[in-house]
Amino acid sequence: MGQELSQHERYVEQLKQALKTRGVKVKYADLLKFFDFVKDTCPWFPQEGTIDIKRWRRVGDCFQDYYNTFGPEKVPVTAFSYWNLIKELIDKKEVNPQVMAAVAQTEEILKSNSQTDLTKTSQNPDLDLISLDSDDEGAKSSSLQDKGLSSTKKPKRFPVLLTAQTSKDPEDPNPSEVDWDGLEDEAAKYHNPDWPPFLTRPPPYNKATPSAPTVMAVVNPKEELKEKIAQLEEQIKLEELHQALISKLQKLKTGNETVTHPDTAGGLSRTPHWPGQHIPKGKCCASREKEEQIPKDIFPVTETVDGQGQAWRHHNGFDFAVIKELKTAASQYGATAPYTLAIVESVADNWLTPTDWNTLVRAVLSGGDHLLWKSEFFENCRDTAKRNQQAGNGWDFDMLTGSGNYSSTDAQMQYDPGLFAQIQAAATKAWRKLPVKGDPGASLTGVKQGPDEPFADFVHRLITTAGRIFGSAEAGVDYVKQLAYENANPACQAAIRPYRKKTDLTGYIRLCSDIGPSYQQGLAMAAAFSGQTVKDFLNNKNKEKGGCCFKCGKKGHFAKNCHEHAHNNAEPKVPGLCPRCKRGKHWANECKSKTDNQGNPIPPHQGNGWRGQPQAPKQAYGAVSFVPANKNNPFQSLPEPPQEVQDWTSVPPPTQY
């Protein structure tokens with residue numbers, strides 16, 4: 001018995017070193033459950049007596065069939081992980097002599113007796129890494145009694161792959177006399193094609209006894225349940241630690257205290273699985289720090305994969321910057337604006353449960369819009385449920401709306417990806433049915449250029465806002481051009497005004513490219529020196545080139561536009577008594593009297609006065625008639641006497657002509 005125990009310890013130590021080379025730490029309780037599961041699903045495996053990749057894949061196929069038939073509840077959570085671990089050991093046994101020796105030794109044990117009674121009790125707790133139990137529980141119980149072991153310890157069960165040599169084989173040598181180098185050479189013969197094949201007869205089958213042991217050790221259900229609980233608690237602790245480390249790493253990289261997607265940053269994000277992929281799924285707990293900071297009602301569902309290939313679903317926090325941007329867009333541009341719908345579609349790419357959608361809409365939209373969206377969403381879910389019923393699909397109205405038996409978040413997290421897609425389609429369709437409220441263009445008219453803001457930046461903000469409202473800036477280019485002039489600062493308006501109807505928006509930008517802070521500062525100083533505002537100074541700047549007003553003498557306007565003419569124009573002076581004639585109230589230069597009020601003649605005006613029309617003289621002075629008086633003259637028809645010769649005289653010239 002001492003030799004058997006020493007041989008077993010040496011084999012366990014060898015297997016421990018083989019696993020250590022792979023960097024894997026195996027637990028006793030997990031491996032024990034795995035061996036029990038292999039025994040239940042594959043009772044033929046220990047009877048064949050050969051361990052190769054082909055037979056081990058048959059074991060994996062049995063696992064998959066068992067999983068498809070009974071579901072994930074009947075399969076241990078570590079079954080597939082340990083199967084992959086042992087598969088890697090079998091694949092690497094040709095390059096690792098230590099693994100090759102362990103596999104060869106196990107094959108010898110299986111060939112010698114498939115129902116060997118072995119005990120595994122290690123005095124050193126550090127060596128208690130892998131369960132190596134026997135299929136014969138009755139023989140095992142007797143061996144335990146012979147060794148004087150305590151009956152309170154749980155009896156061991158059947159080893160699947162890695163077993164120690166039996167103590168009942170009379171041909172087993174002493175472990176101290178075993179040539180381990182020779183054993184490695186013998187194990188290498190199994191896979192060397194140049195050597196002759198190593199043929200052995202298969203172990204005889206005992207038809208009188210069944211393949212599985214008839215007498216099983218009594219297992220306490222409470223103890224087994226406690227082991228499962230302890231295993232789950234340890235899994236939860238490791239997952240929490242994993243999430244906390246990823247969150248801390250993200251904070252160190254970005255310097256931001258709020259970590260939106262730690263799984264993505266840590267490289268653990270996974271593409272969503274489509275229906276039909278048989279992967280065990282569960283829910284892992286999030287970090288306690290996140291639970292205190294962010295409520296659980298507004299998280300999308302994400303799925304991550306741990307190091308063992310298991311998928312876990314949990315809630316991951318929204319990026320609150322996206323939610324804030326969505327609320328701002330819905331308030332400024334409207335719930336159905338193209339920019340707002342683009343944000344909604346980006347958020348809808350996640351797996352959102354009906355509770356998540358309801359919470360998101362209630363936080364972003366007003367109370368009335370939330371009720372409108374909810375009514376449209378329920379109507380869309382009814383139509384989708386009818387189509388699912390006609391197609392034979394079990395996704396009903398309660399699952400789509402998250403009501404009834406599916407009102408809890410835990411139940412909604414386990415939805416299939418196809419169901420999440422139907423919920424997304426119904427929610428986004430209901431969002432598009434929301435009515436347009438207010439004037440969307442009001443936010444566009446509120447975009448004004450700052451005093452020191454470059455005109456190009458102002459136009460960019462204007463075009464961006466127009467694109468969010470109209471869907472494309474080209475749709476409202478004329479409206480944008482008008483607002484680019486009206487909402488510009490006075491300096492840019494003065495530069496654009498002469499060319500306003502001669503160029504387009506790009507011309508506006510080119511005209512205002514030189515207007516910057518220094519130009520604005522000089523313009524303000526010039527306006528202050530002239531005693532005018534900047535706007536008045538720019539309006540009067542081009543008018544000063546026309547000269548001064550002829551009436552008031554000031555610059556900036558003409559005489560016809562002079563506002564001071566009406567104030568300075570006094571009433572006309574009334575003439576008094578005429579100084580020449582003393583008989584009327586009129587100006588002296590307008591007096592036409594010949595005599596004054598005493599009857600004395602008034603001398604004529606000296607100098608050039610107002611002249612009338614010239615008149616012909618009534619009498620010819622100094623003229624001599626040379627026509628003789630002749631009665632036969634045909635031109636003389638007037639019966640008047642002929643004129644006499646007149647003398648020359650001197651008279652003053654007429655005063656007027």
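Including glycine, each Cβ sits where the backbone N, Cα and C put it.
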Expected hit for zinc finger in Swiss-Prot across 198-215, 396-413, 576-593 is 576-593
The residue range that Swiss-Prot labels zinc finger, out of 61-78, 493-510, 547-564, is 547-564
For Swiss-Prot, the entry coiled coil belongs, out of 216-257, 258-299, 300-341, 426-467, to 216-257
Rounded mean pLDDT within the motif 'PTAP/PSAP motif' (210-213) lands at 46
